Amino acid sequence: VNLKKPCPFWDDNSHCGIRDCAVKPCPSDEVPDGIRSGSHKYSEEANNLAEECEEAKRLGAVDGSLSEETQQAVLQWTQHDDSSDSFCEADDIYSPDAEYVDLLLNPERYTGYKGPDAWKIWNSIYEENCFKPQNVKRPLASGRGESFIYLTKWFRSVCVEKRAFYKLISGLHASINIHLSARYLLQDTWSEKKWGPNVTEFQQRFDEVITRGEGPRRLKNLYFLYLIELRALSKVLPFFERPGFQLYTGDKSHDVEMKNQLLDVLHLAKSFPLHFDENSFFAGNKKEAAKLKEEFRLHFKNISKIMDCVGCFKCRLWGKLQTQGLGTALKILFSENLIEKLPESGPSYGFQLTRQEIVALFNAFGRL
């Protein structure tokens, strides 16, 4: 992941995010060839803001170390890409700023990243990238549901694809809020930090009374997101079933074991009896459908770029990963014909997933 890409939409003045959610770089002997980056020095101004952002510094830092086993696996992973149909702005893994991050060492949880900077991210996503009319205010702005009636009217007036897009983003927002509520900093003393569920935080976002009826809709959108990604897993089975496909772990026997476990998960997903039927999407006039699909793709790509504006690096890491996971799921659903035509052996030029997309797809689904 490249956590140092500049925000492409506005000047990022979040010195708190830059200084106090900084990545702890991997020791040079752990970093694969071509990924090594120079030391990152902070400006004098940023260094003077330690007290202001002490909480975010401790809670939002990313642990960049890798286990010895992972280091070996990294050296053997292969890279192939055919991203012309991608729904996400993928990081360039050959950039000197790209780093390998162990997600197990960096769990998604409350980091102290909140307030105007965090609000600005979601506001940009909802106001500019969700096919939403200007008179409908973004949800979760206050948690009190003032725009609920307007939102309901708008839902009845737009096509199913645009409603689905909005529901996916709302579901992703709900999912992230649940993660932060479930792993909240409950106790912070010199002797220990205690993380656990914060029921009050959860209720403020999802309780039917507090949100004036909007909370349950958010949870429904979360389930809609889950069904979409589950459907993608069932559709992508032929890509992973090909004999030539391997999950490179650095150990041949482990490769076979991991592939078998992966196929078990995908067959289980395929056996689910109540799958979402995406065939109603883009099913009208071919020219209009193609235009709408491209608009859909570009809107989502824009949202993936907004993740580079998140001030806290740990939040940015998980935001990028879950966004790319959803983008990969959409890419799969819109490539069904290409997946069905994949040859059993040889390269799959028509449809391809990068290692980044595969990692993002399964980790994003894991969060749901």
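For all residues, glycine too, the Cβ spot is worked out from N, Cα and C.
Partner cysteine of Cys312, as given in TrEMBL, is Cys315 (from among Cys309, Cys315, disulfide bond). Take the Cα of Cys312 (active site, nucleophile) and measure to each of the binding-site residues Arg109, Thr111, Ser170, Arg205: the nearest one is Thr111. On a Cα basis, Cys315 (active site) lies 17 Å away from Ser170 (FAD binding site). Calculated from their C-alpha atoms, the gap between Arg109 (FAD binding site) and Cys315 (active site) amounts to 8 Å.
You'll find the Cα of His173 (FAD binding site) roughly 12 Å from the Cα of Cys315 (active site). Of the recorded residues, Cys315 (active site) and Thr111 (FAD binding site) place their C-alpha atoms 8 Å from one another.
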